[in-house]
Amino acid sequence: MRDQHYTGRQRHYMEEALFEADQAALIGEVPIGAVIVHDNQIVGRGHNLREHGNDATMHAEIRAIEEACGTLKSWRLEECQLYVTIEPCLMCSGAIINSRIPEVFYGARDPKAGAVDSLYETLTDSRLNHTVTVHEGLLAKDAGERMVRFFKAARVRQKARKKAKRAAAQAQTEKTLDNQKKA
Ligand SMILES: [Zn+2]
């Protein structure tokens, strides 16, 4: 299901997910955030923490699902909605299916890892015993801009690191030549 008409409440929850994405960006993590809503209340939230956790499974959706399961004291999130800023990957789509979340809202697509629309259509695959209603594009621009900004800054940092390394190597070479002259 593709629905471009979102309610104020739905936008509010995605703004909360964007807030989570910003928490990730603040500490240098790829800015992806998620919240899980039950009975109009946020019962789980999370942001990407892969680098700080040294853990490949620390995606925003997984962290939000873990927290929601703890809050609701159940692995079944049958009456919940998940809001996530970027299209879920294969791992997170698997977790969404296994936790029986019936409805997912996501912002921008991820052409390199998205497993909801871009590369696979896992959440709506009728061969699985659980399928999910998917809403794409909610505050997509805000979500996408955060990613673009993050990776642009990362490239600038990398360039600066390379430049510093080259300068250090150059200084070392000059020092060696200097010493050779003196000898
Ligand atoms: Zn993921």
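Heads up, the Cβ atoms here are built off N, Cα and C, so glycines get one too.
All annotation found in TrEMBL is predicted automatically rather than curated by experts.
Copied from TrEMBL, the annotated features are:
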ACT_SITE  E61  active site, proton donor
BINDING   H59, C89, C92  Zn(2+) binding site
DOMAIN    8-117  domain 'CMP/dCMP-type deaminase'
REGION    162-183  region 'Disordered'
Looking only at residues six or more beyond either end of the region 'Disordered' (162-183), which have a C-beta under 8 A from one in the stretch?
none
Taking every protein chain in this structure into account, which of the binding-site residues C89, C92 has the most other Cβ atoms within 10 Å of its Cβ?
C92
Can you count the other CB atoms that lie within 10 A of the CB of H59 (Zn(2+) binding site)?
25
Can you give me the Cα-Cα distance between C89 (Zn(2+) binding site) and E61 (active site, proton donor) in Å, rounded to a whole number?
10
To test your reading of the Zn(2+) site: which residues beyond H59, C89, C92, same chain only, put their Cβ within 8 Å of the Cβ centroid of those residues?
A60, E61, I62, P88, L90, M91, S93, A95, A113
Does anything in the same chain, at least 6 positions from E61 (active site, proton donor), have a Cβ under 8 Å from its Cβ, and if so what?
A34, G46, L82, V84, P88, C92, A95, I96
